[in-house]
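**Student:** These came from Swiss-Prot, pasted as-is:
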type	residues	note
TOPO_DOM	18-564	topological domain 'Lumenal'
CARBOHYD	ASN64	N-linked glycosylation site
CARBOHYD	ASN121	N-linked glycosylation site
CARBOHYD	ASN293	N-linked glycosylation site
CARBOHYD	ASN378	N-linked glycosylation site
CARBOHYD	ASN440	N-linked glycosylation site
CARBOHYD	ASN448	N-linked glycosylation site
COMPBIAS	503-533	compositional bias 'Basic and acidic residues'
COMPBIAS	683-694	compositional bias 'Acidic residues'
COMPBIAS	695-707	compositional bias 'Basic and acidic residues'
Amino acid sequence: MLLSVFIILINTLFVLAIPPKEGSDNNPSKKYLVTDLPGLYENVKPKISVPLMFSGQLELYPENNTHYFFWKFVDSELNQDTSKKTIFWLNGGPGCSSMDGALLETGPFRIDENEKVIYNNGSWHKFGDIIYVDQPAGTGFSFTNEYITDLDQVAWYFLKFMEEYYKLFPNEINNEIYFAGESYAGQYIPYIADAILKRNKNLKENDVKYDLKGILIGNGWVSPNQQSLSYLPFFINHGLIDKSHPRWGSLLSKHEKCQKIVNKIDGHFDEADVHPYEVNSATCESILTDLLNYSQDRESDSDHRCINMYDYTLRDSYPSCGMNWPFELKYVAPFLRKEEVMHDLNLVDLKYWRECSGKVGRMFGARNSLPAVHLLPNISQEIPIILFNGANDIICNSDGVLSYLDKLQWGGKVGFTNKDDQINWIYDNKEVGYILMERNISFINIYNSSHMVPYDLPDVSRALMDLVSGKYEEKEKDGKREFITYPLGEVRNKLGQEIPADESSKPIEDKPDDKPIEDKPEETKPEQTKPEDETSSSTSEIIPTSEASFIPEPEESTSSKFTRLIQLGVIFIIFWGVYILYVSYRARPSSIIKKPARSTNSSGRKKNVQWADQLNRFEEDENELGSPPPQGIIAKTISKITGNTSNRGRYAPAGDGSREFTDDIELGEGISDPNVDEFIIGSDDDEDDDEDVETHEGNPKKTESKS
């Protein structure tokens, strides 16, 4: 018994002598660290290409059980240019997961046919830390008991997310901030940006100003009714339907009804009141539904009958009309539904992932919020706005974006004063698009790309961040202005040598030229750049300085080593003293040792056996990613001795472990592959687990979703 107590005491001293894992108490972000994914170390090479990752479901409001899921990627290569920049990426819907952005567009990974990650050479995390957020709550892996219904609430909730996020990553709070996203994020992002700018002007005590530098909206759904007027001209101009069609009269009639609604909106545009005819876009949006129906090629096979609404050069089955695209979506969905992956992503509440949530879309009526187009003029007075568009998209096409800009007043003028003043965008010696730019708003039309520009042209899309941050060259060729950007690796060398520091740090700005753009070039695809080879034989990961506080240093300082030696010396002396006492105790004459009656088994040994059995209850490990729960000194000792050997991320399924997945219904119709979710339009039925939820405004009408 006495010996057991001494052994426990010695082990306890060993535990106390070893410094606690750095960040276990002061760095709560450690429990969100992602250490593995299927295919990560098999397919992503060299090792330096593996990004530092954090993900999990971050609690915002415990009173209504609202948690936002985020997935953050940090460049593992030490890079001064990327270490002070943060990009928040949002997909649309409403109710479509930003995992589309992470795994199909701007993130470092794509998913292959084996449902494993492979590397994306065009990842935006090479420009700055990028965080993908599933929002509003109920989208993707986010969850809540109370769904939100309006755009103002989107902004409030996201500011709360940022507040909680910076508690996890306080070293990043002074970073430059960019927001980027696509489609219905054209509503989200302006509202969030506007809320941040207002917050910065009304800081409370101890608040830190958010350094918002710019927003980028790809194929954005910003002015719904106005943009819907572009559908019929688009189909005519691209030869997708002609005026001799038997249903032409019906199409023209609906177009005229939409035009009357838009005229009414224009007449009251400057009013602060929210008018029902402006926030209800059902009539105008139905034009596209009819066009897709009437333009079917009924002689084609069933899989190629309908025009793909996201890329008019592609075909799909009807009525999917693009909802089965991108084809890799059939790999993404089962990948995110794997228990192994949910384990790796640190989910604390298991949720069956779906690309788009019909429930979120139905609850999110946005009936009390003006369309985001109203916010652009004020935002542009403070930060640059980039509106980029894939030229092949129908649903949020370039003509629709230009049509609302033509009417918009910003910077004291209406629209672009000279639409012929187009700037050629050159990337990797190829003309990839053109730019219109005035008064802090830029429109960029990108050739040979769809609704999801980063999916088609990942390298080109990353160069958008070079445009918004001013990392480009400006030249003139044949009387036309050109903005020149470079592939990763070339940009710093070329710009560092040829552009003065003060020029390369400026965002794109207005410069005079009145020459028209030439005809669109032939289709070109930029070559993807390869990740740089490893320059060191060391197998240790390189961690960005912004995350250094989470990772133990490879070598301790001399003073730390000296302290360890003193501690170990003290422990050795104590151990030696205990040993001498024990030997003296055993060496005493047996005649003077009183032996109490007892069973054959030693009580002390029996306790040791019992403690060993209890070790199965402890999950603590010195390599555990999350902060350990409170423990007594004996429990710490036992945990230190035995420890858990799992090398995966924290995984704590809710409930008793028997909980079933939460299920949603697929959006839309006509999807032949059960693994493929609808990409955007329509939510016809409730999810299988449709439960009563609280909303802030009764039962809003069902709305189309734009991803």
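Residue 1 is the first one shown; counting continues down the chain.
For all residues, glycine too, the Cβ spot is worked out from N, Cα and C.
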**Student:** Please identify, from the glycosylation sites ASN293, ASN440, ASN448, the residue with the sparsest Cβ neighbourhood, meaning fewest other Cβ atoms within 10 angstroms.
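**Tutor:** Comparing Cβ neighbour counts within 10 Å for the glycosylation sites ASN293, ASN440, ASN448 gives ASN293.
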**Student:** Please tell me which one of the glycosylation sites listed here (ASN64, ASN293, ASN440, ASN448) sits closest to ASN121 (N-linked glycosylation site), measuring Cα to Cα?
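**Tutor:** Comparing Cα positions, the closest of these glycosylation sites turns out to be ASN448.
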**Student:** Give the helix, strand or coil assignment DSSP yields for ASN448 (N-linked glycosylation site).
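**Tutor:** DSSP assigns ASN448 (N-linked glycosylation site) to coil.
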**Student:** Within 10 Å of each Cβ, count the other Cβ atoms and name the one among the glycosylation sites ASN64, ASN121, ASN378 with the highest count.
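**Tutor:** Selected residue: ASN121.
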**Student:** Measuring Cα to Cα, how many angstrom lie between ASN448 (N-linked glycosylation site) and ASN293 (N-linked glycosylation site)?
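**Tutor:** The separation of the Cα atoms works out to 25 Å.
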**Student:** Whole-number Å distance between the CA of ASN64 (N-linked glycosylation site) and the CA of ASN440 (N-linked glycosylation site)?
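**Tutor:** So the Cα of ASN440 (N-linked glycosylation site) lies 40 Å away from that of ASN64 (N-linked glycosylation site).
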**Student:** Work out how many Å separate ASN440 (N-linked glycosylation site) and ASN378 (N-linked glycosylation site) at their Cα atoms, rounded off.
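**Tutor:** With distance taken Cα to Cα, ASN378 (N-linked glycosylation site) is 11 Å from ASN440 (N-linked glycosylation site).
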**Student:** Write down the Cα-Cα distance for ASN293 (N-linked glycosylation site) and ASN378 (N-linked glycosylation site), rounded and given in Å.
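**Tutor:** Distance (Cα to Cα, whole Å): 40 Å.
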**Student:** If I take every residue in the topological domain 'Lumenal' (18-564) and average their pLDDT values, what number comes out?
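**Tutor:** Summarising the topological domain 'Lumenal' (18-564) by its mean pLDDT gives 87.
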